[in-house]
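Quick look at what Swiss-Prot annotates:
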- 1-14: signal peptide (SIGNAL)
- 15-480: topological domain 'Extracellular' (TOPO_DOM)
- Asn37: N-linked glycosylation site (CARBOHYD)
- Asn73: N-linked glycosylation site (CARBOHYD)
- Asn202: N-linked glycosylation site (CARBOHYD)
- Asn257: N-linked glycosylation site (CARBOHYD)
- Asn278: N-linked glycosylation site (CARBOHYD)
- Asn281: N-linked glycosylation site (CARBOHYD)
- Asn328: N-linked glycosylation site (CARBOHYD)
- Asn366: N-linked glycosylation site (CARBOHYD)
- Asn376: N-linked glycosylation site (CARBOHYD)
- Asn394: N-linked glycosylation site (CARBOHYD)
- Asn442: N-linked glycosylation site (CARBOHYD)
- 481-501: transmembrane segment (TRANSMEM)
- 502-528: topological domain 'Cytoplasmic' (TOPO_DOM)
Amino acid sequence: MIIAFFLLIQCVYCVIWPPLSVDNEVALRSQRDVSYNVSVDQLVDVGVRLSTVIFERDTYTQPYLNRVDNLLNASVGNILIDAYWDEGGFNWQLCPAPFSANVTPIADGSTILQLEWDNKQYTCDRRLDLASIFTRIDEHIRASARSVSLNLITIYMSLHSIGTQNPTPVSQPGTLSRPLVRSIDQVQILTPASLRVAQLSNSTYQGLEFDPNGYPILGELLQSRGIRVIPIILENNMYEDTSYELERDSNLYFIQNSTIDVTQTNTADTKLTDLTTNITNWTIADSQALLSESFRLVMETEEDPFSLESYTNHISHGYSPFLNRKYNESEIRQFAVNRLWSWKNSYLPEVSVPLLGDQDDSNSANETLQCASFSNLSWIISSCDEPRQVACRNSSYWLQWTVTSTLSNYYGATEACPVGTFFDIPRTPLDSMTLQREIPLNSSVWIDLNTLDSGGCWISGGAEAECPYHRVTLVSLYVEILTPSSVVSIVLIAIVVLLHFVRIPIQKNRKYWRKLQDNIKDSDGIPS
């Protein structure tokens, strides 16, 4: 009872990442699909530091771990895990205090311990470790393997030392790799070796352009190779004379400043602030300079937390913002719904065609609202019949855009582009920035995105493009419609049908039934 009450009190403060609405899912999926031909180091999404956003700074127990599922189900693409190496116990753990420290169980036989370390108090569950998080990630990977919500997860690790060094080595010390490969199939992990193979086979890129030292594109990893995870050791804050040898994990993890160069900065960087507030004077050279930097991250600090404006500015300029403090539900919801660089506010407008929109409904006011235009760094649902200028990409230099001087409806957009260009859509935030510089403020142009083939399935490829998810989407939606109440109704109908065809045994033996009725009629006791 004590443990249950303790966990209940903790969970009052659990931060719940809001689930995706249908509109959120459609928006997120269309942005992902448009980015399929983009190298994975140029992808932009919100990141979450688990130790500060999900866990309390001093509490590591199961109720908080359950909140990781919310992040994964919402397809959050970047997760930062603080891992602690117990120098005395030779093991990795999530708890910032060594279990060999001054320990007090909260109840007899409990795995939840009160620990005192470095003049701080911690509450930690012994059962909660790195494998606990990796297992949740694996469960998400398996659940979404055949789903339209397929996504890539980049796991960043920040390493710390705790405890007193033990002069006596052990035969099998812990490693970061062991819990990862025991939880997630290694074929689903991009490793330094598999990246090198891709580079040698000339299948790596920088953005949309071939680069022998670049990274695979998103579509190849997800669709062709089934890779779902990129593990990166981002920060090494361990003792200088630590007993842990980082090279043990170099075959599985990318290591910052060794096998990978992550561009990491924080909100206190005034140079970055100047960069991310520049929109009107943005140049192709600005985009090209940032493209040379891989996995661009910006971490908020206690002194300079994200505002909603700075958060969205970083996303628009190609940086993945990492949430790194405690939030209330209202704040976290604002950041969650503004995480996309494409459809602003993460929502498709209410006038959008539903996911299962009836294409034959001639009375629908939304029947022509099936095409997308671009304005003020945002995709906007528009009527396909409206005349607009057209966004055309240079065939030789992918960051160069041309906007037609003549107007066209969506159906004629492909033919409207001049020689040497083609009708296309911005596929990264930096791509959007270079297109925006060609468009007058508050004006809009056609981009190659529509839902003409199937309501809610936003695809590029012109007006004749076919939705690859139509059948899958229908099936998944019908499964969602089959709610528990529907299941109960079906079971009740089955019981009624079963009783209709199967007679109860007592009615089959009519002779015995009549004898039983006669016996009941006999008086029992003294007649009055």
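Backbone N, Cα and C atoms are what each Cβ position is placed from, and that goes for glycine too.
Recorded features from Swiss-Prot, shown on the structure.
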residue: Asn37; record: N-linked glycosylation site; Cβ contacts under 8 Å, 6 or more apart: Leu208, Ile217, Leu218, Gly219, Arg427
residue: Asn73; record: N-linked glycosylation site; Cβ contacts under 8 Å, 6 or more apart: Pro19, Leu20, His140
residue: Asn202; record: N-linked glycosylation site; Cβ contacts under 8 Å, 6 or more apart: Phe210, Pro212
residue: Asn257; record: N-linked glycosylation site; Cβ contacts under 8 Å, 6 or more apart: none
residue: Asn278; record: N-linked glycosylation site; Cβ contacts under 8 Å, 6 or more apart: Asp286, His317
residue: Asn281; record: N-linked glycosylation site; Cβ contacts under 8 Å, 6 or more apart: none
residue: Asn328; record: N-linked glycosylation site; Cβ contacts under 8 Å, 6 or more apart: none
residue: Asn376; record: N-linked glycosylation site; Cβ contacts under 8 Å, 6 or more apart: Gln436, Leu441, Asn442
residue: Asn394; record: N-linked glycosylation site; Cβ contacts under 8 Å, 6 or more apart: Gln400, Trp401, Thr402, Gly420, Thr421
Asn376 (N-linked glycosylation site): secondary structure state under DSSP, collapsed to three categories: coil
Neighbour tally for Asn442 (N-linked glycosylation site), based on other Cβ positions within 10 Å of its Cβ: 7
DSSP-derived class (H/G/I helix, E/B strand, else coil) of Asn394 (N-linked glycosylation site): strand
Averaged pLDDT score, the topological domain 'Extracellular' (15-480): 90
